[in-house]
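**Student:** Got a structure for you, questions after.
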Amino acid sequence: VVKEKNRMGECPVWEERENALVYVDINSQKVCRWSPVTNEVQSVSVDARVGSVALRQGGGYVIALGTRFAFLDWDTQAVTTILELEQDKPNNRFNDGKVDPKGRFFAGTMAEETAPGVRARRQGALYTLFPDHSVIKQLDQLDISNGLDWSLDHRTFFHIDSLSYAVHAFSYDVHTGKIACPKLLYHLEKEEQMPDGMCIDAEGKLWVACIDGGRVIRIDPETGKRLQTVRLPTPRITSCCFGGKDYSEMYVTSAYDGLDEATLAKEPHAGEIFKITGLGVKGIPQNFYAA
């Protein structure tokens, strides 16, 4: 549905109030918004790689860029820094993020590659930004903090550390925002490659984007079994969310960075955004950052 190619399209969020899909292109340092009505993509450039975007109750968005949390005012394109983190780790940047059921923004970091396929291990962490702008570190020694979501009963937090090739479940205290007691939920099969972004559907099942696996998979968190695989027409599938007027459509982002010229020539859809219909299941609206 979006032909305008992203170097590293990520973190799609359906915004009901704008009837639009908001997402980031991490490596182009842009926050983007696509209208299915006009088919137009608008974007705001920022001064660092932007790992995630989320809706904000006060209007505009909360974003995680470089190693800082910030607000983005869409109309003025102003970016206001809330807090800087990890200033001792100049090679780190924020990656995926999402707002929890109580309006707190969870986002995690990762080390950038220093050469193709080379990165310092266990440099990442997962943080929670509270509505009063305080921050706690929930996890550390992560490789690539990635996809995240919460169970429908708000008792479980799901998280992906990509280089573990797995989805983990944590107990989650909705009152404090704290997570604890990780357990392995699902380990990806070889052909599924590496887990990236993730979302939950209205039946409480998880959808995981498989980067370099060219697919999204549906997992049952109760049994830890894969229920469904939907293949996409390009390999670097990065994230997914539900949207549309009744949240019955799935939007899927992709990337072309990381593909060599020979592969790119054979992958005309790399970096585009796709819509999957007919899944027979709906999603749920995104939470707003409560400030």
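Note that Cβ sites are derived from N, Cα and C of the backbone, with glycine treated the same way.
So TrEMBL lists these for the protein:
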- 8-255: domain 'SMP-30/Gluconolactonase/LRE-like region' (DOMAIN)
- E10, N146, D196: divalent metal cation binding site (BINDING)
- R93, N95, E113: substrate binding site (BINDING)
- D196: active site, proton donor/acceptor (ACT_SITE)
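Locate each feature and note its surroundings.
**Tutor:** Confidence for the domain 'SMP-30/Gluconolactonase/LRE-like region' (8-255), expressed as mean pLDDT, is 97.
D196 (divalent metal cation binding site) counts 27 other C-beta atoms within 10 Å of its own C-beta, drawing on all protein chains shown.
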**Student:** Write out, in the order they occur in the sequence, the residues of the chain not among R93, N95, E113 that have a C-beta within 8 Å of the mean position of the C-beta atoms of the recorded substrate site.
**Tutor:** I26, R49, G51, N92, T109, M110, A111, E112, R119, I144
**Student:** Return the member of R93, N95, E113 nearest to N146 (divalent metal cation binding site) in space, with distance defined Cα to Cα and candidates limited to these binding-site residues.
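**Tutor:** Looking at Cα distances from N146 (divalent metal cation binding site), the smallest one goes to N95.
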**Student:** Rounded to the nearest angstrom, how far is the Cα of N95 (substrate binding site) from the Cα of E10 (divalent metal cation binding site)?
**Tutor:** 9
**Student:** List the other residues in this chain whose Cβ sits within 8 Å of the Cβ centroid of the divalent metal cation site residues E10, N146, D196, in sequence order.
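**Tutor:** These residues sit around the divalent metal cation site: C11, N95, D96, I144, G147, I160, S162, G197, A209, I211, T238, S239.
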**Student:** Over all pairs within R93, N95, E113, the annotated substrate binders, what is the largest Cα to Cα distance, rounded to whole Å?
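**Tutor:** Binding-site diameter by Cα atoms for substrate: 13 Å.
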**Student:** Out of R93, N95, E113, the binding-site residues in the record, which is closest to D196 (divalent metal cation binding site) when you go by Cα distance?
**Tutor:** N95
